[in-house]
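For reference, the structure discussed in these notes is given below.
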Amino acid sequence: MLGRSRLTFVLLSVTVTCSVAQHVPPWTEDCRKSTYPPSGPTYRGPVPWYTINLDLPPYKRWHELMVDKAPALKVIVNYLKNMINAFEPSGKIVQLVDQKLPGLLGSFPGPFEEEMKGIAAVTEIPLGEIILFNIFYEFFTICTSIITEDKEGHLLHARNMDFGVFLGWNVNNNTWVVTEELKPLTVNLDFQRNSKTVFKAAGFAGYVGMLTGFKPGLFSLTLNERFSTNGGFMGVIEWILGKKDAKWIGFIIRSVLENSTSYEEAKTILTKSKILAPAYFILGGSKSGEGCVITRDRVQSLDIYELDPKQGIWYVVQTNYDRWKNPFFLDNRRTPAKMCLNRTTQENISFATMYDVLSTKPVLNKLTVYTALIDVTKGQFETYLRDCPDPCIGW
């Protein structure tokens, strides 16, 4: 009971701090400049590359990666178990995870079932806990995604991956526990078939879905969570109870990256597929005007907001709120991102200036795990681990 009260106090303290601080210095700042190439206190380090060989049986595809990352995965899985046990000390919930979730594996699409079994075998983590690790990305992805088009019609796509809100606050160093534990698990992935790249992505070791990636020469895709009362928790409950006609958002993104052959095909799938959780799909292409934010509920598309440079719309910015609504007053990353893009101007957009925008507080915040920069046409994909030293807002 004491642990639960302490957690409540910490969350309230963080919320009050954010409500007071987000709109005033030093938690906000003027648009950053000259932060690229990454260096200094906001740069944690590079992200390693691994090849995922799609010609291998699904059970074996992740073995090399998971041999390296098993210790870090065990740390975060154990933390999640301890967090669950803090609310249910009997351990029955974790017991149910270990005993019941593997029985649901036959409901997962494509190769994901065998891939998760392979990860469990290599890491010696119970299969139910590997499934839980893959499920919880449906709920806590709070991000900023941007697509820009310069004066020559060249497209860039960038994102901050913010993850881990309310999953434990470390009062000793003012960080989110899960955010910090995800950084050693962050990897760049080159998915290959016949020794040729099919797509590239940034992900977390142990997670077989995708949240950030691109298909060279064709399109780029990122996912942002969309908050809704009829949200991911409801979708997961329905799925567990047997209603399995909706797709997991991380799995549909991977499927699109792996199988779609054009921007328009990807757009159609992301617009029309029934999904487990509401989401924003941020999709970029390789030609002028090929960039959009698809606002989704679980059943249908609510809005498609597209680049239109002839009408002066040379960028789209998506955080975690519908574009026709004001952001939550405790969490306005949209306004500073747009302000910094406008100050940058269309003539000066580049990897360097996009990184500057994503390095400006509160777009950069305590939840930021990594920043990704994507150039579909040139085939460039860069990912950098981030830090946000104090003073820095919690989200």
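Cβ coordinates come from backbone N, Cα and C, glycine included.
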Name the residue from Cys340, Cys388 that Swiss-Prot records as disulfide-bonded to Cys392. Cys388
Compare the C-alpha of Asn342 (N-linked glycosylation site) with the C-alpha of each of the recorded positions Cys143, Asn173, Arg333, Asn348, and give the closest one. Asn348
Of the recorded positions Cys143, Asn259, Arg333, Cys392, the one whose Cα sits nearest to the Cα of Asn348 (N-linked glycosylation site) is Arg333
Could you check which of the recorded positions (Cys143, Asn173, Cys388) sits closest to Asp162 (site 'Important for catalytic activity'), going Cα to Cα? Cys143
For the recorded positions Asn259, Asn320, Asn342, the largest set of other C-beta atoms within 10 Å encircles the C-beta of Asn320
Among the recorded positions Cys143, Asn173, Asn259, Asn320, Cys388, Cys392, which ones place their C-alpha within 10 angstroms of the C-alpha of Arg333 (site 'Important for catalytic activity')? Cys143, Asn320
